Amino acid sequence: MARPSPLLPTAIVAVLFLLTPQALAGDPDLLQDICVADLTSAVKVNGFACKATVTEDDFYFKGLAAPGNTNNTYGSVVTGANVEKVPGLNTLGVSMSRIDYAPGGLNPPHTHPRATEMVFVLQGTLDVGFITTGNKLVAKTITAGDVFVFPRGLVHFQKNNGDAPAAVISAFNSQLPGTQSLVMTLFAATPEVPNNVLTKAFQVGTKEVEKIKSRLAPKKS
């Protein structure tokens, strides 16, 4: 059984900056002590409706201690600890996740439309970066114990160019930051983004677009 990284308790410090009043601006302010999410409610609100019966388990999650399975196309996996996993986070404006990377693994370019992200490196070395709206790449190599911030809404990525696994703990100033992968958004949307939009945007032919779409299509069982 994999042992939790000794840096994991320290990683909790990364979430503290998100608990300031300024950071809570990512989500609306709460109007009561707690509002544990009723994930089964049919009521649609900005967030989740509050459930009547609350237990300690609504505020508990142990899924970040062990490494996730990185045996996939990108060689990375995200384990979220957001309101969908921890209902007690509803209205509190904060969440976390763990990201594991195999050697050579990539967390491909994506955005979080509702939150700034702050990562704390548990182990390994990563090449990370984000792109501003002025099309400037801000990039750095980070290693165990380092922290890096990805501003809200900006495209960013992490790549493990080492020969050993890597892992980070991410903190967000939103209970549900949302993730929009650029590749999946453009080439695997339902209904599909028209080919003539993609060929014009990327200055490639229809065959190239169709090839990318076919690689991203869900595998038939």
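A Cβ is built for glycine as well, from the same backbone N, Cα and C atoms used for every other residue.
Among the features that TrEMBL reports, oxalate binding site is placed at N107, H112, E117. Residues annotated as Mn(2+) binding site in TrEMBL: H110, H112, E117, H156. Per TrEMBL, disulfide bond is recorded for C35-C50. According to TrEMBL, the feature domain 'Cupin type-1' maps to 62-210. What TrEMBL lists as signal peptide is 1-25.
Here the features listed in TrEMBL are painted onto the structure.
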residue: C35; record: disulfide bond; contacts (Cβ under 8 Å, 6+ apart): G47, F48, C50, N90, T91
residue: N107; record: oxalate binding site; contacts (Cβ under 8 Å, 6+ apart): Y74, S76, V78, I99, Y101, F157, Q158, K159
residue: H110; record: Mn(2+) binding site; contacts (Cβ under 8 Å, 6+ apart): V155, H156, F157, T179, Q180, S181, L182
residue: H112; record: oxalate binding site; contacts (Cβ under 8 Å, 6+ apart): F150, R152, G153, F172, S174, P177, G178, T179, Q180
residue: E117; record: oxalate binding site; contacts (Cβ under 8 Å, 6+ apart): V149, F150, H156, S170, A171, F172, P177
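Taking the mean position of the Cβ atoms of N107, H112, E117 as the oxalate site, the remaining residues of that chain whose Cβ falls within 8 Å of it are H110, T111, V119, F150, H156, S170, F172, P177, T179. Using the Cβ center of H110, H112, E117, H156 for Mn(2+), the list of other same-chain residues with Cβ within 8 Å runs, in sequence order, T111, F130, F150, L154, V155, P177, T179. Under DSSP, residues within the domain 'Cupin type-1' (62-210) fall into helix, strand and coil as 22 helix, 58 strand, 69 coil.
Each residue in the domain 'Cupin type-1' (62-210) has a pLDDT score, and their mean in this model is 97. Of all Cβ atoms in the shown protein chains, 22 besides its own fall within 10 Å of the Cβ of H156 (Mn(2+) binding site).
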